[in-house]
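To start, the structure itself, in structure tokens.
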Amino acid sequence: MTKQVEIFTDGSCLGNPGPGGYGIVLRYRKVEKTLAEGFTLTTNNRMEMLAAVVALQALKEPCSVILTTDSQYVRQGITQWIHNWKKRDWKTADKKPVKNADLWQRLDKETARHSVDWRWVKGHAGHRENEMCDDLARSAAENPTQEDTGYQPS
């Protein structure tokens, strides 16, 4: 039987672009695990996306996942926009390269391994797990240790 896992993610950026981080809460049954990492120069959208990628990568086997994010960019991108981007070879409707295509491709690959139900929650509205992720992401952004090698300044 497929394991049922809940994932909560958030990204943070101190300045946009600037130092950033992600925070993740993974829950299987009643056990919670948190993950966080900080990056020296990135954007808020990249951190929101990377949180989802890393969370799904952390699952050792295909799972049934409820993934909750406060990012409409991530939720709409992976459930709606990505289909046309792939058809157009990672170009937007006006033939421009899709921003953050490296992370969209990674997220698409990880999503294919699992059955993912994407949920949205309003950020900074008292949602327990979202607040936990926000705290983790902000702390990671304040102490960045990694380089976001895929970040490309516009």
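Each Cβ is built from the backbone N, Cα and C atoms, and glycine gets one as well.
Per Swiss-Prot, the Mg(2+) 1 site holds ASP10, ASP70; the candidate it also names there, chosen from GLU32, GLU48, is GLU48. Close to ASP134 (Mg(2+) 2 binding site) in the fold, though at least 6 residues off in sequence, lie ASP10, SER12, GLY23, GLY123, HIS124, each with a CB less than 8 Å from its CB. Neighbour counts of Cβ atoms within 10 Å were compared for the binding-site residues ASP10, ASP70, and the top value is held by ASP10.
According to DSSP, ASP134 (Mg(2+) 2 binding site) sits within a helical segment. Around the Cβ of GLU48 (Mg(2+) 1 binding site), a 10 Å sphere holds 27 further Cβ atoms from the protein chains shown.
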